[in-house]
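For reference, the structure is listed below as structure tokens.
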């Protein structure tokens, strides 16, 4: 998922001395290769499960989850087309025995899969932004238009990913040593790092920051609405004793009020009786809210009757709640991607353009495989934070 083939040059330079000490030095490479093979199997199993779950379960067939499938496909391709070559380099001590064409294909796939992953995350963030900021437009779009939109987004992601990486396939990357397969062009390292990671990463973070601001503003409005959502009307009853005109007017001002909760009613709303007023109140509420109503009738000390129509806490319905959970899940996926890949891209650029900044081979190798581990984390995140995915996984595994 990243231009990680530079690892071979490190392994090649640091393992020459080890290879000269005897066969007992081959054991660490064998252990590493075995660990990487297990990681490959975990990635294939987990992301394959994600793809099958979305394709089989109707509840998971949403725009966001189709983009999640695209991300899972990128992880699957990393595990099947890129990581085996890295395992091979571990076994051979970093020596490349295949042709230049194979090396170019390897590094091209490496860059392409990384670019596809971050662009998929960027596309998911845009989808989440549309769902949160424009929920009516997002939820009430026709199925055909939604399919066209998600197909266009996925196609754009993969076309851009190939466009970023294809210069390597056409001979831009050349190394003087045929036994080393790495990205040796410093300009391409900067270009690919900026276009593949830093720009999409920045856009994604800004979009999620905007989503956070919108959700926070919406929450404040809900709190304000709940505070102002008590409607009291007092109907004149039969007083126990006659009141003077002055006192009667005072009592009316004290106990008679009109509901002014304009946020919860449509233009032209008028109270026309208890049942009809309550019915209109229900119909005028936002479609994303489901209030709890309670009616309270009190007999005042002056003989009047006080009728209070109170709204309890506004309960969000299933659709907005599902959108909120989906947003939380993809934010966690983004956080895992940052933790796993940001260290590599920092060391990758420093190693290429800062000769005075000596990056230890062990550190470079560790950041490389930390990035690969991200491909195995996403299915775990889906299982942990998404009940529908968890149920689908259990259903598939129990068959």
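Note that Cβ sites are derived from N, Cα and C of the backbone, with glycine treated the same way.
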From 4-29, 30-55, the residue range that TrEMBL assigns the feature transmembrane segment: 30-55
Touch test for the transmembrane segment (330-350) and the transmembrane segment (107-129), at least 3 Cβ pairs under 8 Å: yes
Same-chain residue ranges lying at least 6 outside the transmembrane segment (107-129) that approach it to Cβ under 8 Å: 1-5, 63-64, 67-68, 70-71, 74-75, 77-78, 81-82, 150, 153-154, 156-158, 160-162, 164-166, 168-169, 173, 181-183, 192, 195-197, 200-201, 203-204, 207-208, 210-211, 323, 326-327, 330, 333-334, 337, 341, 374
Overall pLDDT of the domain 'G-protein coupled receptors family 1 profile' (46-382), taken as the mean: 75
Surrounding residues of the transmembrane segment (30-55) on its own chain - C-beta under 8 Å, 6+ positions past either end: 61, 65-66, 68-69, 72-73, 75-76, 78-80, 83-84, 86-87, 90-91, 369, 372-373, 375-376, 378-380, 382, 389, 392-393, 396-397
Long-range Cβ neighbours of the transmembrane segment (190-213) (under 8 Å; 6 or more residues past either end): 2-3, 111, 114-115, 118-119, 121-122, 125-126, 128-129, 132-133, 164-165, 183, 327, 331, 334, 338, 341, 345, 348-349, 352-353
